[in-house]
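*Asks:* Below are the features I grabbed from TrEMBL:
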type	residues	note
DOMAIN	8-97	domain 'Endoplasmic reticulum vesicle transporter N-terminal'
DOMAIN	149-366	domain 'Endoplasmic reticulum vesicle transporter C-terminal'
TRANSMEM	21-44	transmembrane segment
TRANSMEM	344-369	transmembrane segment
Amino acid sequence: MDAMIQKLRNFDAYPKINEDFYSRTLSGGVITLVSSLVMFFLFISEFRLYLHTVTETKLLVDTARGETLRINFDVTFPAIPCSLLSLDAMDISGEKHFDIRHDITKKRINAHGHVIEAKQSGIGAPTIEKPLQKHGARLEHGETYCGSCYGADTADDHCCNTCEEVQEAYRKKGWALTNADMLDQCKREGFIQQVKEEVGEGCNIHGSLEVNKVAGNFHFIPGKSFHQSNIFIHDLLAFEKDSYNVSHSINSLAFGDYFPGVVNPLDRVQWTHDSPNGMHQYFIKVVPTVYTNTRGHTIRSNQYSVTEHMRHVDFIRANSFPGVFFFYELSPIKVVYKEEHISFLHFLTNICAVIGGIFTVAGIVDSFVYHGKKAIKKKVEIGKFR
């Protein structure tokens, strides 16, 4: 047993020196104090780095298929009333949506930007109790209401019971609705009166769209559009103006959910146009993005870059009408962000390196200073004997 202990004693890499042989110097004390301060500050730096997250970035080919793209928007038009503002969306797959109303809220604003009224997009309640039947008489008790489509019927039993249904029937026929103020449905629902009351007002429209994950566009236009003979035609109602100011402020525009570090370049962008009937076009490149935080929670979203162009429209015609247009296309490359903490073993290794390195360097400096002082002292003593 004593032999084993002796062998272990021979493995000691740190032989002890009797304190009687220690020589403490002023320079050694200064070097020890400085090295201790340096070790303390480096330890604090490493500890802060250990507490902070490190983001790893990768670029991969986006192989996802059959997904949808969520577009969140909040746009203000100070010179276009809510009753005339329409949102359309279409993509290269052929899917088209006109005058979108679901998941959208419009706020009427006055000339000072203050909100007058906020409600889901739609027409007010009827103001006439007995609407006009298709055959020309007023609706009586016990009868089923069937409103006239005013020549735009697609069948004998086709009914247009609301102002919107009449406008839709006209759009499907490719006809312009020039006498909306004479329609019983529009008068009953107070649509004409609403348009007249909103003259001089603006509109804030916010909500979201769920579209196919393919290239496409969505746009805000005064009035409504419809598709006829492969041409998009703008339906200018008789009570609309001859020109529109498309000045606008994009409060926010995002393609997907928020994640830490995302920058949406169109947020808080404002454009004021002096000339009427302009087409303000934004060309957007959407980059799919996957973000994973330190807890493993993954957010699938998108970033985007944008360029823009303002086109002046002298007069309204097919495929050339005033509004704000957003054309987007998808990047084939996706960005993957992954947040990670530095491992504790890595932190411990760095601390050991800091302590060991400082001790080694301090020892070398102290040895150099100590032996230098001894050499100088020895030369002085030799000089005295001579």
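Yeah, the Cβs are placed from backbone N, Cα and C, and that goes for glycine too.
Predicted, not measured: the structure shown is a model, and the values here were computed from it.
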*Asks:* Count up the helix, strand and coil residues in the domain 'Endoplasmic reticulum vesicle transporter N-terminal' (8-97) according to DSSP, in that order.
*Replies:* 32 helix, 28 strand, 30 coil
*Asks:* Can you give the mean pLDDT for the domain 'Endoplasmic reticulum vesicle transporter N-terminal' (8-97), rounded to a whole number?
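*Replies:* Its mean pLDDT is 85.
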